[in-house]
Amino acid sequence: MAQILPIRFQEHLQLQNLGINPANIGFSTLTMESDKFICIREKVGEQAQVVIIDMNDPSNPIRRPISADSAIMNPASKVIALKAGKTLQIFNIEMKSKMKAHTMTDDVTFWKWISLNTVALVTDNAVYHWSMEGESQPVKMFDRHSSLAGCQIINYRTDAKQKWLLLTGISAQQNRVVGAMQLYSVDRKVSQPIEGHAASFAQFKMEGNAEESTLFCFAVRGQAGGKLHIIEVGTPPTGNQPFPKKAVDVFFPPEAQNDFPVAMQISEKHDVVFLITKYGYIHLYDLETGTCIYMNRISGETIFVTAPHEATAGIIGVNRKGQVLSVCVEEENIIPYITNVLQNPDLALRMAVRNNLAGAEELFARKFNALFAQGNYSEAAKVAANAPKGILRTPDTIRRFQSVPAQPGQTSPLLQYFGILLDQGQLNKYESLELCRPVLQQGRKQLLEKWLKEDKLECSEELGDLVKSVDPTLALSVYLRANVPNKVIQCFAETGQVQKIVLYAKKVGYTPDWIFLLRNVMRISPDQGQQFAQMLVQDEEPLADITQIVDVFMEYNLIQQCTAFLLDALKNNRPSEGPLQTRLLEMNLMHAPQVADAILGNQMFTHYDRAHIAQLCEKAGLLQRALEHFTDLYDIKRAVVHTHLLNPEWLVNYFGSLSVEDSLECLRAMLSANIRQNLQICVQVASKYHEQLSTQSLIELFESFKSFEGLFYFLGSIVNFSQDPDVHFKYIQAACKTGQIKEVERICRESNCYDPERVKNFLKEAKLTDQLPLIIVCDRFDFVHDLVLYLYRNNLQKYIEIYVQKVNPSRLPVVIGGLLDVDCSEDVIKNLILVVRGQFSTDELVAEVEKRNRLKLLLPWLEARIHEGCEEPATHNALAKIYIDSNNNPERFLRENPYYDSRVVGKYCEKRDPHLACVAYERGQCDLELINVCNENSLFKSLSRYLVRRKDPELWGSVLLESNPYRRPLIDQVVQTALSETQDPEEVSVTVKAFMTADLPNELIELLEKIVLDNSVFSEHRNLQNLLILTAIKADRTRVMEYINRLDNYDAPDIANIAISNELFEEAFAIFRKFDVNTSAVQVLIEHIGNLDRAYEFAERCNEPAVWSQLAKAQLQKGMVKEAIDSYIKADDPSSYMEVVQAANTSGNWEELVKYLQMARKKARESYVETELIFALAKTNRLAELEEFINGPNNAHIQQVGDRCYDEKMYDAAKLLYNNVSNFGRLASTLVHLGEYQAAVDGARKANSTRTWKEVCFACVDGKEFRLAQMCGLHIVVHADELEELINYYQDRGYFEELITMLEAALGLERAHMGMFTELAILYSKFKPQKMREHLELFWSRVNIPKVLRAAEQAHLWAELVFLYDKYEEYDNAIITMMNHPTDAWKEGQFKDIITKVANVELYYRAIQFYLEFKPLLLNDLLMVLSPRLDHTRAVNYFSKVKQLPLVKPYLRSVQNHNNKSVNESLNNLFITEEDYQALRTSIDAYDNFDNISLAQRLEKHELIEFRRIAAYLFKGNNRWKQSVELCKKDSLYKDAMQYASESKDTELAEELLQWFLQEEKRECFGACLFTCYDLLRPDVVLETAWRHNIMDFAMPYFIQVMKEYLTKVDKLDASESLRKEEEQATETQPIVYGQPQLMLTAGPSVAVPPQAPFGYGYTAPPYGQPQPGFGYSM
């Protein structure tokens, strides 16, 4: 038997299953302030999110795009606190509002909700409390203690009153995690540092103390071990005994040496301390004694956050895998566990009493019996009273105390017992009775009242009966508390509180006979009866049948009261109340039509007989109500045409309830009946419902009656909202035909939906008196030309003036164009232009007139506009064109007029007068146009002057292009004329730059010589001299030396450098020498002329250090190392030591390099110099000097030199150097190359570097030193990233056994990880398959199952593959594998266990097919397992198809309880085949879901009589009585025939059976049939039949029974009449007392009595004509 556990462990959910990234499940990103919410910060893509998981609805996490450093949810409500930097904010998520915000001066390193409205904030220096209430800011509580400096804060706790505050942090010290706490007293304002890892506060009430004590619990893992401390903080409350301190050891397993406590919660319900450690262990301690109750590991991952679990008074937490786990006390098991497993009965008793826990019943009973046997009755009473769950508070205990006699002068043990019980709480039922009986006998009723008020007694019916004899009112109170309805109602009646009966009965759910009560009340007072009836039906479920209540009203002909009652009772308008609604309306339509009209108008009812009520309404003259109820179109058309009798607004709304076809028919009928009277209402209906009735249908309707007025008003109501072009056109038509010209204008102007061409043509044809609509259409849709032609030809010129003056003056140009086209008079056109002033485009007007060569027509108008001061360019352009054409002094106009458009006018002049075009273009700076006209007309002088004056580089660039054919004549004019004339330096500068930019050096030289050498004002200009030399360098190098010697005011260094760049080295050397720049001169000789000899001579002549340095550098570059070193020494220049070192390295001149570096070291103690010197010593193999040098003071990079020596395989030197700097990693590598493997391993151990271990390991493998290789490999395999490379290295060289040996040894390492177990499994699958199963069974939870799955599949290890699929919960694949490879993988138990867990139910049917093929004898066992999810119909169909139904008969029998049709029919077929009629009959009786008739028809032809009998039975069950009886008669089943005839309740069938028996001369059967079909046979028919066949003897028992029945009925009627009279007399004198058993008299017994004895009655008394008071009756 499994051991009982004192805890209940539960996994609530997996965060990864909710889409939470595992990387975000950690202390810094996940918070849980309570068991209500979990809050996670995530980053999805580039967006930061906060995920909130409501633990009551975990499947629907809330995601919000929030960027924050931290987020914590309020413990109880959807309020979130967010921290970003130093900014803190609190938001209400449900209200979507910000509640508070604050910016801290210091960073908040930790924060936590410590109550529902307070957040604790921890900074590096202090702790603050921030309340959500009001506008308060964070309040500083205390400064952090120095002992917490540098600690990571992991928790903050307070006691219930927030008088004691605790801050907890951890830090790494001496290879262990040390916990530090700061306990702060708010009252005393002092702190105490404590070493501890986890802590909590608790309120605990000790036995004998009046007040609770505040306890502080904390756990610590120190160097000496773990401890749990429980102490009381502060001064104990007055009268309290102080809590004794507790300090107990906390056990940590040997394999968890680095484990330590991380969380603590205390259960207030059970007074149990829950302690959780980093390695996932849970410890339970008793708070009072400190005893360890239980310890176990609940998680393989660290649980990093916890909170109290309120639902179970336990602890809930989240681990790093995302599991949300909870642990709580298992109340049913903890006491037995403490008693039996811990063997601590004292603790068990203490906890059972303290926390009211079950499980210690035997201990309490034993203790009670022992005390009772000792005579210690007071203690025994305490034990019995305090026993948990009231296990000893039994009648037996009371009897035992009653049996003890009271001692004189002492309280009896029984009263002591009751006294203790009363002090503790409420007495139970038996205790209350036993206590009250003597109290009432003593007349101390006031004690009973006191106990009732204090709720000390458990009330019961027996207690009420006991009290009633003393005080009925007090008894009523007891009955009420005990919930005894019949007695309560009886007491209400006895105390005169009848009005409370209904309220009380509804309250407690008690149901008396309400109709009987109502009749009695109605007889006394109809009004009170109405009120009482309303009380009966005022709830959703009436207390009595409303129909019966109405019958009671109608018995007394109370129409008005009945109406009022029904209106109230039927207000909920339920479908089941339809007949009552009809009855209500019918009675009022007949007696009070106005009341019925009001009822119908209120639309209270919808379930009455509408057709019947409609006819009644029409007869009563309520035509509107009749229409509301009519459904037949003929009835509706008959009524609807009488619109003068109907409310128009109602009628319009009524059409909304009709179908489209009916609505159109009704409208047609209304227009046909009286179009004048009904047109308005028809228009209203059409307007409102045009969308449903379709606008086209309505238009056709009005047009069919030629009602354009109706069409106008209808379309007018919808045209503003319609987008249909036809609607707008029809509306325009209708408006025209009804003379609504203004409306035509409006719609033409505002509508965007009509077809303009169609409307234009219609308006032309309509010949309206007002042409404004046509004008609007043509103006809007650009038919202006057509409009002008139409108006002009129809002599409607005034509308042209109206159009351009009032409608759209901007259209004047088009109108003028049209008038010119129709040869209108110029005077008319001029007048028209003058009338329309400035409201049109002059450009367009000029264009229209100019197109027709009539520009002069505008001259007077244009001059008038200029005279008026018009500055519009278009006006001046037109005037300029006219002046140019007429040669009216145009040049003066073009130079002086500032308003015309130069480009337009210039273009106009180009062909007429190029000079005028130049004037216009120059005035407007139209560069391109001016250039083109000058080029075309050879005006180069004008162009050159314009270009010089213009000073535009881009413009110069465009004319100086090589592709320009006019460039040469233009340049000649620039050189000869334009520049000679100018005195402006800027013009010269721009021109020269333009020539430079255009890359015209020869032309530029020509230009510059004219400026510089011809003694002009610009001769001494430095820039021009520079430019002349530079241009000569580029274009004519023969002149350069001449210019250098002739000119003196140029920039020598720049010119020299440019000469160098153009390979004029001698000229550059001459410039440097002329200006004494020797370093540059020697540089030219070295770098450009390349003559080191001349350079050496020049250096000796100058003898300057800088020159020697230049020469040395050149020599070094030429590979003349020795000469270069000599030159550097002469220059006294060690600055180029790097280049010297590199040159020596390249050439191998190490001896020379040593000399140079020794010289350089004297000058400069550079690290590089000393480093290179060491390397040079190593290269020259001067190891003794090298060792002496590195042991002395130096600045060399010895590590770097060692690496270089290592790279160049100088391992002896490298060994010295690495040893000097203690670089054990590289030293180990060096030793490997020297073949010193053991020393290399020692070096690697000192280096403790993965790379080093790997290198040494690989070397050892190559050297076949596998023992050393394994030592190295054990340090590598613990790093998951390195494992694959190591394995590949071994495998590539074929060392499989050694690799497996190493991995097996590594499994025991503390840092063994999943990759090691996984790779070992893969290796087993390849090389040692026989060991794989054992490995997987031991370590399946630690391998990467998907990876091992692939390996097992590749290795064809099918059994192992199934095992892995099972553990990975891929049950579908496991089943498929077993079925595909049954020889290796199939195991019966495993298959049946896994198949129930598959997700794809289709595998069930594959499994069935598999078993049928391979394991047919086990098929039924499989089907039993599959049956809960199996589609039995499909399964049966399958077995039927393969003809294997008999094989699965046990399965079919087991699932027949589902009453599945296919199963039933298959089993029935099997039973028929097996001829098992008993099983078939049993199946038919138990399971009815099959084709009864088909089976019966099949069985009636069966050769066995029992099956034909079953066929008759089935026909009977399907009410085919005649067929059933006929089948019985055919097979001589007389008893069955009589029984079926009796059950049919068919008199004719019974009488036919009687006749058949007589025909067959079965007289005994005739007598038996009379007995069996007694209720169906008519006595007169039986008498006649018996007399005719002379068998009166066989019929005589029947007649005796009939006579007996009639006589008994008469006697009963006589007795009931007498009884009725007696009760009537008694009722008149007796008040109504309810609650007694009621006698409900009926019209007679209605239960048929079996005829065997005594014979039943078949008579029913006729109903009375009038209801008799005091009787209930049924009809």
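Just so you know, the numbers here start at 1 and follow the chain as drawn.
The backbone N, Cα and C atoms fix where each Cβ goes, glycine too.
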If one consults Swiss-Prot for N6-acetyllysine across Lys245, Lys456, Lys1501, the residue flagged is Lys1501
From the set Ser67, Ser672, Ser1080, Swiss-Prot tags as phosphoserine just Ser67
Candidates Ser115, Ser717, Ser1229; Swiss-Prot annotation phosphoserine sits on Ser1229
Out of Lys1254, Lys1441, Lys1535, Swiss-Prot gives the annotation N6-acetyllysine to Lys1441
Cβ density check for Lys1501 (N6-acetyllysine), other Cβ within 10 Å (all protein chains) comes to 9
Students should find that the Cα atoms of Tyr899 (phosphotyrosine) and Lys737 (N6-succinyllysine) sit apart, in Å rounded to an integer, by 55
Quick note, Ser1167 (phosphoserine): same-chain residues at least 6 apart with CB under 8 Å of its CB -> Asn1195, Ala1196, His1197
Nearest to Lys1501 (N6-acetyllysine) by C-alpha distance, among the modified residues Tyr184, Lys737, Tyr1206, Tyr1487, Ser1494, is Ser1494
Most isolated by CB count within 10 A, of the modified residues Tyr184, Tyr899, Tyr1206, Tyr1487, is Tyr899
Nearest by Cα to Lys856 (N6-acetyllysine), of the modified residues Thr394, Tyr1206, Tyr1487, is Tyr1206
Among the modified residues Lys737, Lys1441, the one whose Cβ has the most other Cβ atoms within 10 Å is Lys737
Residue counts for the region 'Involved in spindle localization and interaction with TACC3' (457-507) under DSSP, helix then strand then coil, are 37 helix, 0 strand, 14 coil
DSSP, reduced to three states, assigns Tyr184 (phosphotyrosine) to strand
Same-chain residues at least 6 apart in sequence with Cβ under 8 Å of the Cβ of Ser67 (phosphoserine), in sequence order, are Ala48, Ala84
Cα of Ser1494 (phosphoserine) to Cα of Tyr184 (phosphotyrosine), in Å and rounded, measures 89
